[in-house]
Amino acid sequence: SFSRFSSRSRAALVAPLGCLGARHKHTLPDLPYDYGALEPHISAEIMQLHHSKHHATYVNNLNVTEEKYKEALAKGDVTAQVSLQPALKFNGGGHINHTIFWTNLSPNGGGEPKGELLEAIKRDFGSFANFKEKLTAVSVGVQGSGWGWLGYNKEQGRLQIAACANQDPLQGTTGLIPLLGIDVWEHAYYLQYKNVRPDYLKAIWNVINWENVSSRYASCKK
């Protein structure tokens, strides 16, 4: 079935990754739309596999890794703690990144942002067209797997574009607050766009949820 999971609220999508001290199990967040809602730009088959298989795997592996890390902490085994950190970064980043990504997309998306976000984009990139071109170019240019991001540099009070390899989380590795992430792992587009990443990136702009991106921008400025 390409229907959404309906047992949890949309709020779960924006919940931050829990800290180790809380010992809470991470769960796969619901999508706020059906798997087929983003067609023809992103197929239902891709969305189902991406969400229910790939994201679910990051969540499951994160929970397993955190349990092992908890045991290593209890034993005072620093070597084990260090050896587990790459898995925490990869699976934790995968969970963080995808949780943002699903909310960055909408069947009612596309077009241009409005209000403060649009003004900030014009201020920092010259125009929306320039911003779109730059983020697309950065995302196309990711070697192998990774993400293209629009982030907010809180210290400098400006928007910034960045690329992250693999599942490296934007804020945890660059300090930028994530506003808009574009997944350029092949599992995000290959079934539909094959190896032509630029076609996928051209299409994804039609489903960008600017309301969500604007909300993230407003929140991080507080």
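The backbone N, Cα and C atoms fix where each Cβ goes, and this holds for glycine too.
Note that TrEMBL annotation is computational and uncurated.
Values in this document were obtained by computation on a predicted structure and should not be read as measured data.
Some features that TrEMBL has for this protein:
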| type | residues | note |
| --- | --- | --- |
| DOMAIN | 25-106 | domain 'Manganese/iron superoxide dismutase N-terminal' |
| BINDING | His50, His98, Asp183, His187 | Mn(2+) binding site |
| DOMAIN | 113-216 | domain 'Manganese/iron superoxide dismutase C-terminal' |
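Using a 10 Å Cβ-Cβ cutoff, His98 (Mn(2+) binding site) registers 25 neighbours. Considering other CB atoms within 10 Å as the measure, the emptiest surroundings among the binding-site residues His50, His187 are those of His187. For the Mn(2+) site, the Cβ centre of His50, His98, Asp183, His187 serves as reference, and the other residues of the chain with Cβ at most 8 Å from it are His51, His54, His55, Phe101, Trp185, Ala188. Its own atom aside, the Cβ of Asp183 (Mn(2+) binding site) has 25 Cβ atoms within 10 angstroms in the protein chains shown.
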